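Right, one structure below, let's go through it.
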Amino acid sequence: MVLQARNKHREAAPKPPQPPRASQSPLRGTPEVGAGEPGPERASPSPGRKGAAGRKGPRAEPAVPPSGVGLGGRLVAGLRGALGLRRAGRGRTWTTLLLAAFAAVLHWSHITHLFENDRHFSHLSTLEREMAFRTEMGLYYSYFKTIVEAPSFLNGVWMIMNDKLTEYPLVINTLKRFNLYPEVILASWYRIYTKIMDMIGIQTKICWTVTRGEGLSPIESCEGLGDPACFYVAVIFILNGLMMALFFIYGTYLSGSRLGGLVTVLCFFFNHGECTRVMWTPPLRESFSYPFLVLQMLLVTHILRATKLYRGSLIALCISNVFFMLPWQFAQFVLLTQIASLFAVYVVGYIDICKLRKIIYIHMISLALCFVLMFGNSMLLTSYYASSLVIIWGMLALKPHFLKINISELSLWVIQGCLWLFGTVILKYLTSRIFGIADDAHIGNLLTSKFFSYKDFDTLLYTCAAEFDFMEKETPLRYTKTLLLPVVLVVFIAIVRKIISDMWSILAKQQTHIRKHQFDHGELVYHALQLLAYTALGILIMRLKLFLTPHMCVMASLICSRQLFGWLFCKVHPGAVVFAVLAAMSIQGSANLQTQWNIVGEFSNLPQEELIEWIKYSTKPDAVFAGAMPTMASVKLSALRPVVNHPHYEDAGLRARTKIVYSMYSRKAAEEVKQELIKLKVNYYILEESWCVRRSKPGCSMPEIWDVEDPANAGKTPLCNLLVKESKPHFTTVFQNSVYKVLEVIKE
């Protein structure tokens, strides 16, 4: 390691006005009430300036009949078939792969550039980098740090499987609870990398002394893959760069033309801020998981299109399922929508029973593998996803009995749909009661609150956060400005026309459900139904745009499909149509990109830095802390102190603990709150006045949320307001700055 002096002053001068941050996509996370601390999400943007992979794309080629080529030993032939290329086009296969690689490099460069511009990450100290990983990001990163700093890799894994710091005084298996396989794998890679580099004498990082100005002390900042935080973020960005290669291949395969891959990639860039937030929040679970969903959906598309299934294709689907589910607790809900869509495709006759049965078996095997790898996490077995798989499997087994019923085709569709829906809900309820699982009960309550006036403490914590509210009205407008929404609507209408035509040919003849004809192009119908499912999710919970927008980009590739628009391409050159659409998209798309590139910031959080430094040097190593969930993640990560609550809100016991901790912001008596904290063995409470007064919308301040939960004390002065003025006699103020006030719990 080389230590050099680099006199880079961090300018404290006023920064140019930042574009408004758009609350963004994916899934679960820590519900935060109101505005809170500055979030990591940004305004939407996307790429046009650098063109995109395959600027010289060939003419759209006629769709090639499905060949049924599998994976494994038929890798080369299968890849060529998956890309929609002719047998004679061996060179075209490599051209397509090169264009996909270019798209990957382009996206990796884009998100790396945005992340560095936003945080000035390369010039931050180790503590500042850790503080930059806010809320649950810091929680996840803390386990990577634990394994990296442990005496050995196995010792580090044992420590996170027997964790005493996260929910003191409980000892929990965080690998089971928090989907930490990405951190385990990355930590092993980091240890191997640094060990090899040390053995051969190659320097892995360079450290600098950075002066911060404004009377602040200089800090040491290290760059290079030898720095744990830099290594961690770099691997995430590489993975999400490779994801863009998959999108190019996906669009190419689905549309039958490399122009389709080009459309998918450019639409993703033009709507980048609506498609992903990896550049602002790298450690979140979707950053590791979502790329494997793209691969999984590509494989499902290949299986639906193939006339013959090979074992290699099914094995690849199983592996991609496991890699998608292991890092992310929300993956099961996404796969539920996929299974529902595939079942609907089967019911109306676009795939045969044998193919669906094999897909269901693969999902069951994947679920079983994840159940084992997650140390018997019962939430997987009691999920709607697992219940749906069992119900569909049972209905497929009973298919001969359905055939004996002399009813119309339409009636049979309705019966099967109702059996699936009610069977899934009832089985989910029964399994949850049998296993005594209530960890995902808040999800049902959250959905109930979307349609009815239901409210409780946990639900309000979610719905008062913008990312868990309904989709904002500006989102469809942003889709329209980049022409993504109009193009997808055209494609969707074309698919619906095909479905109506096919259905009419059956229903108009008044045939019964006993028929031998099998409709073709089931993969198009599946993508249309999956689009509807993602749209419903995105409208109900704004954060779930993560799934909707990228899928819209994939659907847009079908503008190049001769299956849907062959009648148009007979009159107009497909390249002319595609490039005209892309040119119109680029007007707003390039503006979105420029908006992203103009985001220039620098991370700084001096109040929290003072707090962490005080905790590290003024409290005992076994001192127990409680407070707001985002702050507790930082205390655990940087100060290595035990905490009683944290941002991973998916456990019923943790939600009960958090309610006790957050009673500091209720209107209860100080004595009552203190006694509850003593039961949790809390030594210090970190009080934040902003949590007492901030309000994202009417009814969403913490005292107002507590009025719903505790109406008996409504109208009283909130306890936090009283403690801000005077903490005695039940607490003692031991530290205070402009944001934080640390109260020591006085034990009798």
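In case you wondered, yes, glycine gets a Cβ from its N, Cα and C as well.
Since this is a predicted model, take the numbers as computed values, not measurements.
Look at TrEMBL and you will find 1-68 tagged as region 'Disordered'.
TrEMBL lists 229-250 (among others) with the feature transmembrane segment.
Using a Cβ-Cβ cut-off under 8 Å and counting only residues 6 or more beyond its ends in the same chain, the transmembrane segment (333-352) has close neighbours at 27, 293, 297, 300, 304, 321, 324-325, 359-360, 363, 383-385, 388-389, 392, 413, 416-417, 420, 443, 499, 502-503, 506, 515, 517-522, 525-526, 529-530, 533-534, 537, 547. According to TrEMBL, the transmembrane segment annotation covers 333-352 (among others).
Sequence annotations record features per position, and here TrEMBL assigns transmembrane segment to 359-376 (among others).
The transmembrane segment annotation in TrEMBL covers 382-398 (among others).
Taken from TrEMBL, the feature transmembrane segment applies to 410-430 (among others). Using a Cβ-Cβ cut-off under 8 Å and counting only residues 6 or more beyond its ends in the same chain, the transmembrane segment (410-430) has close neighbours at 340, 343-344, 347-348, 382-384, 387-388, 390-392, 394-395, 402, 507, 513.
What TrEMBL lists as transmembrane segment is 483-500 (among others).
Counting residues 6+ beyond its ends, the transmembrane segment (524-544) has Cβ neighbours under 8 Å at 23-29, 254, 297, 300-301, 304, 337-338, 340-342, 344-345, 348, 350, 446-447, 450, 466-472, 475, 488, 492, 495-496, 498-499, 551-552, 554-555, 558, 563-564 in the same chain. The transmembrane segment feature in TrEMBL is assigned to 524-544 (among others).
The annotation transmembrane segment is assigned in TrEMBL to 564-587 (among others). Long-range contacts of the transmembrane segment (564-587) within the same chain, counting only residues at least 6 positions beyond its ends with a Cβ under 8 Å from a Cβ of the stretch, are 48, 57, 59-60, 257, 259, 262-263, 266-267, 270, 482-484, 487, 491, 494-495, 498, 524, 558.
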Problem - Outside the transmembrane segment (382-398), six or more residues from its ends: residues with CB under 8 Å to it - result: 332-333, 335-336, 339-340, 343, 353, 356-357, 360, 363-364, 367, 416, 419-420, 423-425, 427-428, 431-432, 435, 437, 440
